[in-house]
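A.B. asks: This is the structure I want to talk about, given as structure tokens.
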Amino acid sequence: MSDRSLDRRTVLRASGLAAVGGLTALAGCSGGGGGGGDDTATAESTPTETASPTEPTDTGGSSGSASFDGWLEGVSNYDGVVDRTGRSEVTVEVGVQANGGYYGFGPAAVRVSSGTTVTWEWTGQGASHNVVAQDGTYESELVAEAGHTFTHTFESTGTSKYYCMPHKALGMKGVVVVE
């Protein structure tokens, strides 16, 4: 039986959440609450397909893959890359249940075709969130309102790692793989 592994993970997760809990509460309460003017990167909410837990996913596992360099290690709702290639628009939810609260992107990792527009749509859960590319190529404002959207069109192939700035330490991170 693997109780030691389960206990170790539970202890590590609990201690990590306790250490950043106070900072998270402050970060969620700070910020402008955003409902003002939107950037040109914002789009109207349109019906698009979202990830479904019953759809097949590629391998990748929670240990990450070489191309992610451990980026999604510890992200509780990451269980592989969801394949959305061949679609012109893809939606990723912001503020899904993950990492001990509403601190996740759904799906955490998605594969798209070059030229695909990804729309991040806020659930309104888990305080204020934003979407920030690790390489600085895109960044949304900090927003709490359900239904808010932010879009980015991925023209070049590669891997785009992103996160929510106030909740990065909790594991609110994602990846878009562009083919």
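Note: Cβ is positioned from N, Cα and C throughout, glycine not excepted.
All TrEMBL annotations are machine predictions without curation.
Quick paste of what TrEMBL says about this protein:
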REGION    28-68  region 'Disordered'
COMPBIAS  29-38  compositional bias 'Gly residues'
COMPBIAS  39-59  compositional bias 'Low complexity'
DOMAIN    93-179  domain 'Blue (type 1) copper'
BINDING   HIS129, CYS164, HIS167, MET172  Cu cation binding site
A.B. asks: Around HIS129 (Cu cation binding site), how many other CB atoms lie within 10 A of its CB?
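C.D. replies: So the number of other Cβ atoms within 10 Å of HIS129 (Cu cation binding site) is 30.
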A.B. asks: So how many other Cβ atoms are close to HIS167 (Cu cation binding site), meaning within 10 Å of its Cβ?
C.D. replies: 27
A.B. asks: Residues other than HIS129, CYS164, HIS167, MET172 within 8 Å, Cβ to Cβ centroid, of the Cu cation site?
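C.D. replies: For the Cu cation site, the extra neighbours are VAL94, GLY95, TYR103, GLY104, PHE105, GLY126, ASN130, TYR163, MET165, PRO166, LYS168, LEU170.
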A.B. asks: Over the span of the domain 'Blue (type 1) copper' (93-179), count residues by DSSP class, listing helix, strand and coil in order.
C.D. replies: 6 helix, 46 strand, 35 coil
